Amino acid sequence: MQLNFRPSKGLTFTVLTFLQIFGLYIFLKGFLLTRQTFDLQGRTFEPWENFPLHSNAESITLPPAIPSQKPYKRTIVVLVDALRFDFAINAKTSENYYLNQLPIMQQLTNNQPESSLLFQFRADPPTTTMQRIKGLMTGSLPTFIDAGANFASSAVGEDHLLRHTNKTTTYFLGDDTWVNLFPKSFVPERTFDSDSFKMLDLDSVDDAILSRLWNLVSKDDWELVIAHFLGVDHCGHTYGPSDPNMKRKLNQMNDIIQRLVLEHVDQDTLLIVMGDHGMSVDGDHGGESIEELVSTLFMYSGRPLTFTNEHYQALYRRIHQARAIRLGYNIDAISQRLDYDATAYPIVAQIHLVPTLAYLLDVPIPFGNLGAIIPDILMPEYPDGNLKMRNLLHMVQEFRSNALQVNNYLNQYSQQTHQLDFSPDKLQSITRHLYAAEEIMAQVMKKPDFLASISKDDTIYLQQLENAILEYDAFLISTIKYCEAIWAQFDTGCMFIGILLLGLSTLTSLWLMHREPKASLKRVFIIGLLVFAICFAASQVQYYPEALIRGWFDKMKQIDWIGACFAVTMCFMAFALKPQASASFDWYVILIAQVVQACTLGSNSFVIWEDRGTRYVLATLTLFWIVRNLQVAITKTDRALAILYPTLFLVVLRVTSLVGQCREEQFPHCNYYHSGMLEFNLENNTGYLTIAFVVILYGMTIFSTTTLNQLSGLTVGACYIVSSIMVLFRIFHEIGAKSLVVENNKSEMALMVHHVLDFYMPRIVYGLAFIGNNMTLADWYFNDRNRRVMSWTLLFLWTPVLAVVQRPVGAALILISPWIIKLLTTGKSNSLLIRLTMLHFLGHHLFFATGHQATFTSLPWKAAFVGFEEMNYYGGMILVTLATVAGYVITWFGWLVLLSENPHQRQTLHLLILLQSIPTFLSAIFIFVLRRHLMTWKIFAPRFLFQILLQIGSHVAAIVLERIVQ
């Protein structure tokens, strides 16, 4: 008797899901790597230590070290979250609420230039608070994978500035991210942190800081005070940058800085005001647009901070200009986007603050710092602008100390990691600047009259000292650029194995599409055993000398190899299944079309304009749908209907293509209508458009309720209508909120209404959906209710949940989406595959039309607080995910509707998997090939990570749908 192997559809989909997830896991291990960190402490390098670094140098008489000014006894760091640079300078006009509201820094710079310094403070992406604070204290460059850690701040495991300051005299107030990052650097009795995730609360954190700050700085028992204000950032997230609330918060920050300057900053006190990142045009951050990258750095003291002599100012400008060119800063673009002259203010990278503060506070530079000291603040003891040789020699020795620290880090990194990119040969392109500077100084010091000339101003020596400074600086900046280019150490072996597993699992899904789930158990066992043995033997490639030298499989552990062998074995076992039936012509057309569309993910232009490409594919498929309808149309009425519904779909597609959100790269060729344009103002056309929008939305909701009552009865219909009305109230409230005055002037009644709409109504929507969903499923399971009724009911019930976490336009699209899906239910079985594929691309279209893009900047973080006043990590993650993939969830319910009407077509669920597996597999290949591409991290990587989310979601949807429609 022959035993047969008969896997069910559900088991097949489950295995395919785990195969895909495992392949993605292996691929991401090789792709999303962080740099290696070392828990080593930095030390102070003497100015002429190991001079000169190049070999075979003659004995040289070293000049005496020129000490710097005495370190500041007290330092106040005021971090204004999201302080974009144009918030802090004088603007020509005051058209926006954020302009000319923070004048104190510009005034001090103009009136006291020797004691004030104002810089454009450039952040390294990702512009999330946790990564920026980490960079501000360690001087290290961020890695791409760190972006996901912003909501789970973990302790920094490398050297940082706070480790070298006296924690017993350090006070902290504000954002609790600091305490999470540096838990051992703050004494609990001197730490007054606040929850940073109450985004709708503009004042609580700031007020808590102010309740302690003035009393604290009036005492003498402190050396360092860090105050991290959040109100400006939260105002941007909640209302956007140009809002009356922003004017109020910036005025408040101006008053705080002014009071500190007038009452608490003396010659022994240093005041630093800075932002951790900027703010996008929508008030958010996290990406790398110019608005998000350009922040503010202001330094002020009661004693001179810099030389104002033109000779020094010219040198400072040369250094800053050379840095901007090497680091690729687009100054013209900054001027255009933020509407000020960016050439008038030096640009300072945020990591440059680390060696600068170490110099001012007389503490060692952290071990892993890559920043270069800001030249403007380098002043020797008893500064005299006329002693140029002495002052420049002091600058040389401080630049050299900075260079020694960075060079030591590179040497340690090379010795510890043995990475070829950090070998001495590979580093020659940057160390040549260091050795050139050493050679210049060696030649200068060999001159017999050099030491005697220190008190004079010899033009030749001055020029040589400046050249040495520029070479030391070139080494420091070139190191940053070099590390930025190669820091992501891809494990190409890992990535290749991941691609192999993704490709095999995709082919397996394609093979199983028309196979009978039946095979000889003996045959399956023999194939599995043979393939596993071959795979295990092939895994020994990890020990080949070439693989070991190049680090191809460094991240692959033994358990990963075993898992990969099992995955390959499972794929090959599927080939033992017998053919069932040949695939129809539509299958081949659809799969070829999907492959062609997925190939566009290898082009940055196509990824940027994917929203338009998706509409083109949908329109093309609609024409194919018309052809299929006409093939079975007999009467004139049939032919008319065969054209009518696809035409209506094209009309809906065209209308909904007018709304969405533009990517940064699409400007100025993108002009969508969006939620920010809606307002109840009859003085312009937008007001009438808003009223029409509201009336149509209300009518569609009533019509949907009537339909649902007919399908499922009054109880479920009541759940839907109450939920939908609450969503409508929130939409009206959000549109009308623009006309509200500044938050402090709201009445108690307005605040109560705001609280109810933002917190209680969404909870009721969640609760009613839960009740209605359970009633529907119970009725179907116990009473054998019609699947078609059940599927339509679930679709309607979920729309308010998915709509409540959207902005107004997106919410409206989600609420009317069942009627778009209704158009796709009209047709014969010969067009089912086409209509299911259209549902797939409709999900893409709804993603874009509801105001999303495959970028980190467009992530709807505000959705995490819909119904919740405080941040809940898991609840927030679920809400943000639902808000992002709402369009896809709607279309997955659409699959349920169409398959409930065609239950004999269950095998088409393979199509749901393949339509996401194919682009995932090809995206992985593109990422592998383009891993060094300029746009990898900005365009391709975010799109690939989003594709992973869709891939997992579609597999889970296929498993659930298979259980329902079986």
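Placed from the backbone N, Cα and C atoms, the Cβ positions cover glycine too.
Curation plays no part in TrEMBL annotations; they are all automatic predictions.
Sequence annotations record features per position, and here TrEMBL assigns transmembrane segment to 12-33 (among others).
Annotation source TrEMBL lists transmembrane segment at 486-512 (among others). Long-range Cβ contacts of the transmembrane segment (486-512) within its own chain (Cβ-Cβ under 8 Å, at least 6 residues beyond either end) map to 12, 16, 19-20, 22-31, 33, 35, 141, 143-144, 419, 421, 542, 547, 550-556, 564, 567-568, 570-571, 574-575, 577, 591, 910, 913-914, 917-918, 920-921, 924-925, 927-928, 931, 937.
Among the features that TrEMBL reports, transmembrane segment is placed at 524-541 (among others).
The annotation transmembrane segment is assigned in TrEMBL to 561-577 (among others).
What TrEMBL records for 589-609 (among others) is transmembrane segment. Packing against the transmembrane segment (589-609) from elsewhere in the chain are residues 510, 617, 620-621, 624, 663, 665-666, 833-834, 837, 854, 911, 914-915, 918-919, 922-923, 925-926, 929-930, 933, 935, 939-940, 943-944, 947: each is 6 or more residues past its ends and has a CB under 8 Å from a CB in it.
Sequence-distant neighbours of the transmembrane segment (641-659) (same chain, 6+ residues past either end, Cβ-Cβ under 8 Å): 615, 618-619, 622-623, 625-626, 629-630, 633, 672-674, 809, 813, 820, 823-824, 826-827, 838, 845-846, 849, 851. The feature transmembrane segment is assigned by TrEMBL to 641-659 (among others).
What TrEMBL lists as transmembrane segment is 686-704 (among others).
Through the fold, the transmembrane segment (711-732) approaches residues 694, 697-698, 701, 704-705, 757-758, 761-762, 764-765, 768-769, 771-772, 775-776, 779, 789, 792-793, 796-797, 799-801, 803-804, 808, 811-812, 815 of its own chain, all at least 6 residues removed from its boundaries and within a Cβ separation under 8 Å. The transmembrane segment feature in TrEMBL is assigned to 711-732 (among others).
Marked as transmembrane segment by TrEMBL: 764-782 (among others).
Under the heading transmembrane segment, TrEMBL lists 794-821 (among others). Residues of the same chain lying 6 or more positions beyond the ends of the transmembrane segment (794-821) and with a Cβ under 8 Å from any Cβ of it are 649, 652, 656, 659, 673-675, 678, 693, 697, 700-701, 704, 707-708, 716, 719-720, 723-724, 726-727, 730-731, 734-735, 761-762, 765-766, 768-769, 772-773, 776-777, 839, 842, 846, 849-852, 860, 863, 866-867, 879, 882-883, 886-887, 889-891, 893-894, 896-897.
The transmembrane segment feature in TrEMBL is assigned to 873-897 (among others). Here the transmembrane segment (873-897) has Cβ contacts under 8 Å with residues 151-152, 197, 788, 791-792, 794-795, 798-799, 801-803, 805-806, 810, 814, 817-818, 821, 824-825, 836, 839-840, 842-847, 849-850, 852, 859-861, 863-867, 909, 912, 949-950, 953-954, 957, 961, 964-965 of the same chain, all six or more residues outside its ends.
The feature transmembrane segment is assigned by TrEMBL to 909-930 (among others). Beyond its flanks by at least six residues, the transmembrane segment (909-930) meets 9, 13, 16, 20, 24, 27, 31, 492, 495-496, 498-499, 502-503, 505-506, 509-510, 512-513, 587, 590-591, 594-595, 597-599, 601-602, 833, 836-837, 840, 892, 895, 899, 936, 940-941, 943-944, 947-948, 950-951, 953-955, 957-958, 961-962 of its own chain at Cβ-Cβ distances under 8 Å.
Relative to the transmembrane segment (561-577), the listed stretch 524-541 leads the set 12-33, 524-541, 764-782 in CB pairs under 8 A.
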